[in-house]
Amino acid sequence: MSFVIAEPEAVAAGAAELARIRTSISAAAAAAAGPTTGAAAAGFDEVSTAAASVFNTYGAMYQDLSAQAAAFHDQFVHTLSAGATSYQSAEATAQAQLLNAINAPALALWDRPLIGNGANGGPGQNGGDGGLLWGNGGSGGNGDATHPGGGNGGNAGLIGDGGRGGNGYSPTAGSGQNGGAGGAGGNGGWLFGSGGAAGNGGAGSMGAGAGGLGGSGGHGGNAGLWGNGGAGGHGSAGGEGANAPNGSGGNGGAGGAGGNGGLLSGDGGVGGDGGSGGTGGSTGTSAAPGGNGGTGGSGGDGGWLFGTGGDAGDGGSGGTGGSDFLGGGVVAGADGGAGGAGGRAGNAGLWGSGGTGGNGGKGGTGGGASGSIGDPGTAGGAGGTGGTAGGGGNGGWFYGNGGAGGNGGGGGAGAQGADTNSVGGPGGAGGLAGSGGNGGAAGLIGTGGTGGAGGGGGAGGQGGFGPNSPSFGGFGGDGAAGGHGGHGGWLYGAAGGGGSGGNGGAGGASGGGGPSNVSGGAGGDGGAGGNAGLIGGGGNGGNGGTGGTGGFTGVGGVGGSGGTGGRLSGTPGSTGTNG
């Protein structure tokens, strides 16, 4: 027996195959039972009856033998399965004894094994580190009421992946508590291994006053020499503000940054998205603003030698402003929250492309208003400002294209003014838009990234209806400028085009649905095209945004200037069209 070599997995697979054969044999025997044991006599004479009896007797004997063979087969399969289990148990015991002998000196010196995966953390606790020589880090535990923040993932040793960060705790509604932050991802192995993904933040809860803040996402783990960076965690939404007493909406949590790729080679991790802002509370005497959206996380940088920069996370949307839905005639609707800024994309190292910038979050919608009998109506809330977009990452120093810039967030729409039997309330102004992100530049050889488009301005709210005097609608929000195009490679490569400017928001109609008596928002300017290096064409300028409609049309944006062509060879870019 000491010279026998057995593979437990192969023995277990053989037992499973024998069990399947037994099932097929049993099905065939059952199908043959009726025809072989119930044969009818061909005639009414004694010879026919005797012949049928002989056949039925042999059929019954076959069924008895089949039952005995099935019992023996089942016993054999059971014995074989038990043998596989015994082999596995013996191997596990031997492996555990061997690992304990190997890891004992390392545990005594450094409190860390040489080989083995780290243990997963309990609620809100960090995951254990992997073995110094080989092993993945353990996952961090998710947060709970006692430990709201998620635990960090454990780090790997020489070879292995970092552990995942735990998610933050989301408290129960009505507590007004902030959401827990997500845990960071563990770092990958020093030689080989990817960083762990980070945990997401917990959502803020609605409280007796202001809503709780959304938890931020954790940062992704970094790689060592060779491996990809971990993804950043997403930020969570802020809680809603309470009614009576009035509370503002909680701000959304920021997205976590992506981890960096390995020093030698590896892609950067993507950044997490920001959380959305909470809705503001509403009462009969006041209304509270919506919460701001969280910023997007930055993308991780690629490896120094090879690797692509990570894409950035998008900004969160702003929360809706509270509404004065019970009236009172003296309080306006609240403003919407601002959208979160998009994250900055990761850069490449020597060889690789830059990541794409994050988009800005949209501004929140303004809260509606109401009025009481005989009193002038209150104004609708203004829309929130859109978030600024993040820039694209730069391409590799030797070769690689620049990443595109993100698009700016649109401004939130203004709310309608209150309707009364006196003078209607004015509409809320549309929110300003966020600008587009700049495109990333190329290195020695490569194309510059395209600039992101500017966000569109928010539409102004309609004026409230009142018989005594027409009310004004809200002004339309201005569109934002587009991002500039990235420069082309120093030696060779076309430059990136500029982003188009955002359109202005429309002015709100006057009370009672009449034509607008306010101006629309101005269109945003187009972004400038990037410049080429030694050889290559310049980038085209972005088109200007169109002015918003209204009693007076908003001014259109100016087209961006074209970039210069290569100093040795290349045509310049064209100028963008005016809005």
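Just so you know, glycine gets a Cβ as well, placed from its N, Cα and C.
According to TrEMBL, the compositional bias 'Gly residues' annotation covers 120-168 (among others).
Sequence annotations record features per position, and here TrEMBL assigns compositional bias 'Gly residues' to 233-283 (among others).
Long-range Cβ contacts of the compositional bias 'Gly residues' (290-320) within its own chain (Cβ-Cβ under 8 Å, at least 6 residues beyond either end) map to 211, 214, 216-217, 219-220, 222-223, 226, 228-229, 231-235, 237-238, 240-241, 248-280, 334-367, 384-385, 387, 390, 393-394, 396, 400, 403, 406, 409, 412, 440. Positions annotated as compositional bias 'Gly residues' by TrEMBL: 290-320 (among others).
Look at TrEMBL and you will find 359-371 (among others) tagged as compositional bias 'Gly residues'.
Residues or ranges marked as compositional bias 'Gly residues' in TrEMBL: 454-466 (among others).
Taken from TrEMBL, the feature compositional bias 'Gly residues' applies to 540-568 (among others). Under DSSP, residues within the compositional bias 'Gly residues' (540-568) fall into helix, strand and coil as 0 helix, 1 strand, 28 coil.
The list of residues near the compositional bias 'Low complexity' (569-579) in space but at least 6 beyond its ends in sequence, with Cβ under 8 angstroms from a Cβ of it, reads 485, 494-495, 497-498, 500-501, 503, 523, 526, 529-530, 532, 534-547, 556-563. Residues annotated as compositional bias 'Low complexity' in TrEMBL: 569-579.
Taken from TrEMBL, the feature domain 'PE' applies to 4-93.
Helix, strand and coil counts from DSSP across the region 'Disordered' (120-181) read 0 helix, 2 strand, 60 coil. The region 'Disordered' annotation in TrEMBL covers 120-181 (among others).
Residues annotated as region 'Disordered' in TrEMBL: 233-320 (among others).
The region 'Disordered' annotation in TrEMBL covers 359-382 (among others).
Annotated region 'Disordered' per TrEMBL: 454-479 (among others), in sequence order.
Residues or ranges marked as region 'Disordered' by TrEMBL: 540-579 (among others).
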*asked:* From the DSSP assignment alone, can you count helix, strand and coil residues within the region 'Disordered' (233-320)?
replied: 0 helix, 4 strand, 84 coil
